[in-house]
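Undergrad: Copying in the features that TrEMBL gives for the protein in this structure:
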{"type": "ACT_SITE", "residues": "266", "note": "active site, nucleophile"}
{"type": "BINDING", "residues": "30, 35, 86, 121, 158, 269, 336", "note": "NAD(+) binding site"}
{"type": "BINDING", "residues": "155, 156, 157, 158, 210, 255, 256, 257, 258, 259, 263, 329", "note": "substrate binding site"}
{"type": "DOMAIN", "residues": "322-433", "note": "domain 'UDP-glucose/GDP-mannose dehydrogenase C-terminal'"}
Ligand code: UDX
């Protein structure tokens, strides 16, 4: 099939490359000519395992093309995907400017029957707005070209996006048009060969499904974080509790990890947008409000522990804290809503210096931190290091912030020698407290009180 993908961000690029890999011809459009130049030169603007080879292979085969030219993009396609950003507005609602601009650009040019697919995460009712926008443009031109707007939300995890696309656990297609549904079935046939993965529903249900999935996952995380804080006070270990409940198939083992709060480009934004939608419709989602509040509080958790360990904020002045990991989760350089940013700003406000190491997110982190702190404070107080061991050099304590594989099994004896304050703050419960303490270090995890020597 001939597909046009509008938007070469994370979702657009991964989806476009995966569709090309099964034999479709995919033309990716972006209004940012720098991005298109990079892609045409074989460079990938984001870090996602396997994406560079996938893009290179399909570009070389002539199945994956890049352009800034809307005329070419609209003329190319039988199916056009909208995969543009929907950043949160100040009030938390999703900003639909890019989506509706893309819809206008399609309506201004389309000459033949088209299926337009919303891949971006958009509030319920957006497909209707996209349809109305395209119809209005067609009317202006005096054209009567049939088209349908379909909702097909993505469920890609950063760091595992290609695997998630190629072997999905479900493909949600919201469509009120039989021809469009048939096209979507055909398009997705290669991704569910052995089991039926495609779930058909009406457009609005598909739009809501995406928010419901992310809100449910955010719920599990906030629930476990809140319980972890209680476990700590009660003298219980949240890791044992997690295993104890996760083995119940009705609960399941995934997404029950207490930590520093969820971050990233999806959960925080989607929870906010769903809350806004509910307010707009005079409904209140009390549970979801609490989930968001718990998450905001959880981002402060490690700083609180560090401060208490050293005897209060005043005693932190002049201390150096090493951070292992900066990205919001492993296998990505994405720093959006990363808990590390909250921790760093709190440490600096208390007069600490920070030495941080992340396997891939340093450049992104530098950009974000300079933006929030300013060049001068960044240069004075933050050192981005080339290795994990470089970061702990001359530090008083270590905060494990992102559970990258290379941090899993460090030499604790060596850490005990390197860290002046001999303390590890494990924001992801990555370490066995007994091993850490055997090496003569104090261990502070999340919801694991028996192991803390406070
Ligand atoms: C998420 C959804 O998983 C994906 O389906 C959707 O399409 C986009 O949003 P992503 O943001 O890439 O994907 O990350 P994910 O792996 O879901 O993690 C989100 C956040 O939750 C991270 O900050 C992670 O550290 C945190 N998390 C996850 C926990 O704190 N505990 C857990 O048990 C799981």
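Glycine residues also receive a Cβ, built from the backbone N, Cα and C atoms like all the rest.
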Undergrad: With respect to ligand 1, which members of the binding-site residues 35, 86, 121, 158, 258, 269 satisfy a Cβ distance under 6 angstroms to one of its atoms?
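TA: Checked binding-site residues vs ligand 1; flagged 158.
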Undergrad: Given that the record lists 155, 156, 157, 158, 210, 255, 256, 257, 258, 259, 263, 329 as binding substrate, what is the largest C-alpha to C-alpha distance among them, in Å?
TA: 24
Undergrad: Quick check for the class: what is the C-alpha distance, in angstrom and rounded, between residue 210 (substrate binding site) and residue 121 (NAD(+) binding site)?
TA: 7
Undergrad: With DSSP helix as H/G/I and strand as E/B, how many residues of the domain 'UDP-glucose/GDP-mannose dehydrogenase C-terminal' (322-433) fall in helix, strand and coil?
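TA: For the domain 'UDP-glucose/GDP-mannose dehydrogenase C-terminal' (322-433), the helix, strand and coil counts are 46 helix, 19 strand, 47 coil.
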Undergrad: Tell me, by DSSP, whether residue 210 (substrate binding site) is helix, strand or coil?
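TA: DSSP assigns residue 210 (substrate binding site) to helix.
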Undergrad: Just to confirm: which same-chain residues, 6+ apart in sequence, have a Cβ under 8 Å from the Cβ of residue 121 (NAD(+) binding site)?
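TA: Expected: 86, 94, 153, 154, 210, 211, 214, 266, 269, 270, 273.
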Undergrad: From the binding-site residues 155, 256, 263, pick the residue whose C-alpha lies nearest to the C-alpha of residue 336 (NAD(+) binding site).
TA: 263
Undergrad: Do me a favour and check the Cα-Cα span between residue 35 (NAD(+) binding site) and residue 155 (substrate binding site); whole Å is fine.
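TA: A Cα-Cα distance of 24 Å.
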Undergrad: Tell me, roughly as an integer, the mean pLDDT over the domain 'UDP-glucose/GDP-mannose dehydrogenase C-terminal' (322-433).
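TA: Here the mean pLDDT over the domain 'UDP-glucose/GDP-mannose dehydrogenase C-terminal' (322-433) amounts to 97.
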Undergrad: Listed NAD(+)-binding residues 30, 35, 86, 121, 158, 269, 336 - what's their greatest C-alpha to C-alpha distance in Å?
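TA: Largest pairwise Cα separation, rounded: 24 Å.
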Undergrad: Given the binding-site residues 256, 258, 263, which one's Cα is the least distant from that of residue 158 (NAD(+) binding site)?
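TA: Minimum Cα distance from residue 158 (NAD(+) binding site) across 256, 258, 263 lands on 263.
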Undergrad: Quick one: give me the count of other CB atoms within 10 A of the CB of residue 263 (substrate binding site).
TA: 24
Undergrad: At a 10 Å cut-off from the C-beta of residue 336 (NAD(+) binding site), count the other C-beta atoms across all protein chains.
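TA: If we count other Cβ atoms within 10 Å of residue 336 (NAD(+) binding site), we arrive at 18.
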Undergrad: Could you say whether, by DSSP, residue 157 (substrate binding site) belongs to a helix, a strand or a coil region?
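TA: Going by the DSSP assignment, residue 157 (substrate binding site) belongs to neither helix nor strand, so it counts as coil.
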